[in-house]
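Note sheet for the following structure.
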């Protein structure tokens, strides 16, 4: 049950005798919006006594060194390939400098907050967590909090259009939340949708064609994608996992969605009988739900895809909610903290984490504050350094939805990349459709980040694409930005069970757990051969493009344009292509 602490400011915090606030100099803006993020509108003033769960991210002392280590252990040509870092080693890289801790604590004391009793800290000490009333946070951040309403969902959040810090703190604080990040739970976009059910005549089995490793792919897979379709198409039908004691796959869930156990059993009996009876644990993070009533299409799609493809590999569903919990009423907004932030903080605090984690959610990159995006992306780098592959769906809007106008006050028309798809430390998955041949699906998200620079591991592949593209779409995207997707897989007409009935579902939300499942099987293969998990995938994939099935037709229109077109080699529609398990096995085994 959600609840709202009605504690007064005095009881929410333990106060100490304050150092004069005047000790700190002038405020300087940390982040500000020119206008309300798309979809949000001002509703009312935030109640002064409303309690925020404030998270202060301190600058991480050696984060650039950690990134360098990540690229070394992910580079198949480097002698350190596969030598992933331990939890303790990662924490040593990201712990803040002592002077940062001292200065921030002094600032908190200046506002009457006792760092010893009022704060909890992350294992590395780079995150400080405290509960503070709006009235005090407004003084600390020289800002005004308001209640904002999301036009479509009608949910309410407490956020600010800008926040500032004393100039002395800017070199020591990376980000503070919740402030200007409006994505939240309800504002996030899940990347799946229901399709009309296929007509019976379209499911009649025609002459199968030979898929990978001679595995026959029924022509009905053009209209109804099942577990057996995916196994045959990507060549995993005959692979039986054996390293199940050491290997696992995780699914990150948001939007108060959870996977239904009864629906999974119905699905398995219909589409993967050998796996019938398989179960999965649910880990609830920050109020995540698992009531087993009103199951989510997204969550069911994810877990049914991964269990069907990876059985008997252990699967875990992470159900992430918002924080702090409360009872909403006519005066109390439905407030949440940023879910990616909460989820990755939980994952990094665990001693053991799955070798691959699939996430099928995202936001328009331009709606994510720069300081928040950088902080979350750096956290993903930490997960990768520990040997976990993070995969995200690329989105279902092609190169962008709607009028694609920028939100910086200039209203310039530009292609709209997605986040976290644009983070250079995750593997982003686009969508395909049909089976002979496989082609790009029109909604496959793809493009170029306007926040993150293009990483070296993909520079050559992207240069080849841009040279062939010429001046098409010139000026509508950042040619030097992180380009995505990296890979692709089937993303339409997936047959799943929701509420006991078979539904047809589409979206890169289907593509992402599909590729994640193939990676889980490759991890099993490596572990069975005495090697480590693959970890961060992209350097390995871009170094071995022939290990994927190149998709050379189809496009991803959006923003009133034809978008990009798939072609030989990497492209921002289907990336390097779809998985070829046999070839990827060879690559995975050859890597040190």
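The backbone N, Cα and C atoms fix where each Cβ goes, glycine too.
Features reported for this protein in TrEMBL:
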- 1-18: signal peptide (SIGNAL)
- 224-591: domain 'Peptidase S53' (DOMAIN)
- 298: active site, charge relay system (ACT_SITE)
- 302: active site, charge relay system (ACT_SITE)
- 509: active site, charge relay system (ACT_SITE)
- 550, 551, 569, 571: Ca(2+) binding site (BINDING)
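Between the CA atoms of residue 569 (Ca(2+) binding site) and residue 509 (active site, charge relay system) there is a gap of 23 Å, rounded to the nearest whole number. Around the Cβ of residue 302 (active site, charge relay system), the number of neighbouring Cβ atoms within 10 Å comes to 28. Considering only the recorded positions 298, 550, 571, the Cβ with the fewest other Cβ atoms within 10 Å is that of 550. Nearest in space to residue 298 (active site, charge relay system), taking C-alpha to C-alpha distance over the recorded positions 509, 550, 551, 571, is 509. Of the listed recorded positions 509, 551, 569, the Cβ environment within 10 Å is emptiest of other Cβ atoms at 569. A separation of roughly 20 Å, to the nearest angstrom, links the Cα atoms of residue 550 (Ca(2+) binding site) and residue 509 (active site, charge relay system). Rounded to a whole number, the distance between the Cα atoms of residue 302 (active site, charge relay system) and residue 509 (active site, charge relay system) is 7 Å. In this structure, the CA atom of residue 551 (Ca(2+) binding site) is 24 Å away from the CA atom of residue 302 (active site, charge relay system). A mean pLDDT of 92 is what the model gives for the domain 'Peptidase S53' (224-591).
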